[in-house]
Structures are given as C-alpha cells and as structure tokens.
C-alpha cells in the first residue's frame, strides 16, 4: 500500500512539475488548489510516446507493428499528426484547468478535426473496408475514418471529400472560437498570395458571415430591391420637396459606374488582449460575498464583452433569485463598482447573470463589425457593435422599422449616429438608399454635406425641418397611391415588378423607389419650435411608412415626456438607450430601469421590436478621419441629386417678381458661386439699395436657395455650384408658369 502511495506521489509530482513548466510563460497565476495537472500530463506522455514512434522510429519494424495495432488502426495516416494535437491540448489544459466550457469545446473540436481528417484520408485511399485487413486500414483513415465516412458513401467521392473539408473548417472554428467568415477570408488571402492571381478575390467590402456569434437580431435580410445601378449622365435637380412636387424615384446622379467603398478605408486595430486574472479576482470577490451571507450558489463561468463581463451564477436547491438581487449593493461594494447589473435569468440558461464593468474597455471598431456582414446582405443592414459576450450585433433598419435613440452628453449617442450613417455610405448605393438628415445643432452632421445619398441639403432650421417632415408624409402617400394602383402591399414587390417590366403607366415612366431614411439628430429642438406639426408628421410616418420603404431614426439627449410623447413612443417599437442621468429617463425610453446604470461612451441597451428584454451592447466606434475618408470617396463617385426645397406660398411671391427677374438671376448666381448668403454683398455687387437686396434674399429663401435669416450672420446657401444651371432654369420656368396662370 505504501508503494502505491509512493507511485501516486511521484506521478503527482511529475505532473505538477510539467504543469509548472507549461505555465512558466503564462501571464496569470494559478492557485495550487485550482490546478488539474494529472490528465494533461497523461495526454502529454501519450503525445510524447506517439511522437517517438511516429517520427523518430519511422520505418522501424517494431514501431510499424505497434503503430498499426494502436493509433494507426483507429486514425490511419492521420496518426502522424496526433502527437502534435495531444501535446498542444495538454498544454492548453495545463494553463486553463478552470475553463470547463472551453475545455469541452476544444475537446469536441479536436475530435471532429481528427475524425473528419481521417475520413478524408479514407476517401482519398479508395475507402477500404475493415475486411481488407489492418495494414490497409492503417494506411488509409483507420477505423474512425471508416465509421465517420460510412454515411457519406452514398455520395460521389468528390462530394464526400467536400463534406469532410467543410466539417474540418467547422472544427477549426469550434477549436479557435473564430468566426467561419474570418477563416474563409484567411484562406482566400493566402490562396491569392500563393497563386498571385486576381481571380481569387472578394468584393471591395466583402466578408462571408455565418458564425453563430454574429447575432442577426431583427430577422432575415430583405432582398436587395430598393434601387438600381443605372444612372443618367447628368445631374438633375428636381423640385420634389414642395408639398405638391413629384415623387422620389431612383437616383439620377452623374456617375454610371458608382463603386462602393472598400472596408479597407476604415482603420484596422489589433485584437484586444484579455486578462483572465482580473476576472478570476472578481469571481473570488463575488464568491466571498456568497459565503459571507450563506448563499448556496456557484459560478459556472463568465462571458467577457468589450465593456462588461457577465458572470454566470447557478443557484443551489431552495435558493430564491430574490436573495441574489437583494445583495446588489454588497456585490457593488465587493467589486468597487456602482454600475453592477443583475440579469435574472440569462435568456436560454438556468443561471443568473451579474454584469460588472471591465477595468480595461475594448474598442469596438466599425470596420471589424462591418466585416461580419455578408456582402449580399440588405443595404440597410448596419453594425451596431458587440454584445456582452463579445458577439457582433447586426440589425436591418427596414425590419425595426423605426428607431428611438436617447442618451445624455458623453453617452455615445452621436457616435452611434455617425456609425449608422457611415455604415449606409459604405454598403448602399445612392439608388438603393436616400437620406434626409435633420441637424438642428448645425455641427453634428455637417461632415456629410454633399454626399450623393442626400435627397436634400442637410436641414438645420427647425421650421424648415417641419416642412421636410410634411414632405416625407406626402412622399409616403404618393408611394402608397402607386402600391394601391398596381395591387402591391410592399415597396419591394413594386420595385421587383418595375425592374421586370411587368407593370407600366400611361402617365409617366415607372422607376424603382429607393429606401428613404430620415435621421433627426436632436428631436428636442424640433419639439421646442413646432411641437404640434413635428409630432403629427412623425406619428403619421411611424404609423404607416414601413411598407412604403420610409424609415425614421429619432435621437435626443432629453428623453422627457415633453419630447418623447406617448404617441411617438407607441409608434416607434425599437429603442436604443445609452447612459441617462436618472431612472425616470430610463423608463421613458425603455419602459424599464437599466439605462441609468450604463457606464457611458457607447455602452447601451438595445431593445429591438422582436426582443422581450434589452440586449446590452457596446456601440461601434468610427473616428472623424475615417468618416472624412468615406465622405470624400463617395463624393468623388457621384454628385448629390437634390430635391430643392420649396415653400407652399412660392407661387404668390413669384407672381410679383416683375422687372426684378434679371436681378434675381444675377443674385442667385452670385450667392451660389460664392456660397455666401449676405445681403450686404448683394448691395455691393449689384449696386442696389438695402430694401431691394433684402427682397432678393427673401425671394431666394422662398425658392430654397438660401436658408432663413440668422441675425447679423450670413444665410446658409442650400444649393451647390454644380447645380447652378439647373437652379437658374427652374427659376425661369417657375416664373413663366406663374405668368401663364
């Protein structure tokens, strides 16, 4: 008995020494009670013995016999690789004994990799049966290769091998916890480098995404039916923003070969390095709280996200969930954080989630999020960021169908809006998606001025914004008139029929309608100026516009009941809350607490239309330099095709122009070319008095050429020099029409 104990002691000592050697370069320290060195030491010895027989004694008759009747009998020719896998897996177990779920995952992945590799070799050797003898089996795929490949024998050999390769790639994804899309991109990249061929490439912004980590939260992608790639060669300025103007049809910019930007235009960042020692310290602190209050529960694992880590707590028998919730303040004290959130239960698990902010936050770059979107995905699909387990969060704006965003200063609301617009510019053609940007702050969205996706210059005047929203309502009604006339229920079906030339109109040429995305950066400013008109237009849009391809995103810093009214909330089903200052604000935006405990800088709670509970995300981040590069690129591809704003009383003013027509045309040319809406400039250049110059400026404002007066400041010019000729022609035509009337 003493000899047996001595052998066990020696075995444990050798296992401990091997484990210490394996952990010598590890950054984290491992307590002695947490070490599990005996199993990995046994695997290490098997791998070492296998390496000696398979590599160093290769060709020896004794080694051949031993190999044929052991590992080669099971795995065939793949047995020469097994020592590497066994030694590598043993080192992993030495260094990560407590990661139970990860260890099971890696074990399953390694077995899949070995089995399907053996099956591939078995098919390559002609798929011999066991009756052929052990010698032939050991040179093919062995017993394992035969068993795994047996269900595939009904397929042709090349298809069976393809299935094996697919499962091998899947096993690599399971082992490395790497999305399949990234593995495919690496394979393509090395294939292109190896063969130096242009035929092995992906599209400029391509990335094949099929990983289970990439969570498509809002349903399937819609087909790409909004817009076409056909353009006219000239820029056409249509008077589509008056409440009686023509409907929005597809883009007519001047570039017929518009190319989407490559995702390489965005910055690339190295992957974040996680320090598991920090998480182990938190688990130790949390376990101490449970022991202190005699709570029968244990931590089964954790999921580290970019901002917070979610620790999974499994309760013992007879322990109420309320006991854990009652310990929230004690947990906050133990981990020195006042931003602790408790999720009970974790969706799909019999466990409670305790979310604690990380000391070192991970940067979620927009480029990495967009890489996870399939290149054939819907053009309105945007990358929101990452969830609390590190998976990418994507959403299709058409399925939301409208979004309400709120957050205090510094919470990351404006960064999210920038990421969303940049996603659209990177993934959508101007013929597919048109934008209406309303920016009462005047500076938040000014960087996007002149992009070809804009349907009108960026609206900064709250009064003008009310008129724009009224125009959107009219545009929605026009689209519904077309849908009703031709018997369609959704704009996608109408566009498909137009492209297939299945429908036609006697009065006009039918063209596909693009999606129309309206973004209001600060709803509170609009509600202060024209609350009744703005609320009425927003409610009409949110109630009816989904089937017409019109969607709206409302952002505000003050989610009070005066800004986010009951009617607006009732018709905007999807919400995104960033950090707010009070529980009341959180209830206004989410109808529940939680947003007041967010840590800011992009930390948010996303509540899509299909979710019962909000999902914690870290919003994607895009720098100003990246936005500038994207904007400059899309502006170099095409010019904007504006629908110039016109007010309702334009006809009354035009009819009284009289002999001032030549002066008006000269004034228009001066203002557009100089991009300076100054009354004193008109006085000097045209040599007219103050009253005449002021009247000319009022006429130009009524025609949508300049914005409203801003005191002593120059007026904003709403028309670019590229649109000068068409604007002058429009003025002349409108005056001629008013005279004929």
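Every residue, even glycine, has its Cβ placed from backbone N, Cα and C.
Listed in Swiss-Prot:
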type     : residues                     : note
BINDING  : 410, 411, 412, 413, 414, 415 : ATP binding site
COMPBIAS : 200-212                      : compositional bias 'Low complexity'
COMPBIAS : 213-232                      : compositional bias 'Basic and acidic residues'
DOMAIN   : 390-587                      : domain 'FtsK'
REGION   : 200-232                      : region 'Disordered'
TOPO_DOM : 184-741                      : topological domain 'Cytoplasmic'
TRANSMEM : 39-59                        : transmembrane segment
TRANSMEM : 74-94                        : transmembrane segment
TRANSMEM : 108-128                      : transmembrane segment
TRANSMEM : 136-156                      : transmembrane segment
TRANSMEM : 163-183                      : transmembrane segment
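Sequence-distant contacts of the transmembrane segment (108-128) (same chain, six or more residues past either end, CB-CB distance under 8 Å): 75-78, 81-82, 85, 89, 136-137, 139-142, 144-146, 148-149, 152-153, 157, 160-161, 164-165, 167-168, 170-175.
Neighbours of residue 415 (ATP binding site), defined as other CB atoms within 10 A of its CB across all chains, total 20. Neighbours of the ATP site: apart from 410, 411, 412, 413, 414, 415, residues of the same chain with C-beta atoms within 8 angstroms of the site's C-beta centroid are 407, 409, 416, 578, 600, 601, 602, 619. Contacts of residue 412 (ATP binding site) defined by a Cβ separation under 8 A and a same-chain sequence distance of 6+ are given as 578, 579, 600, 601, 602, 603, 604, 619, in order along the sequence. Taking a C-beta cut-off of under 8 angstroms and a sequence separation of 6 or more, residue 414 (ATP binding site) has the following same-chain neighbours: 444, 521, 555.
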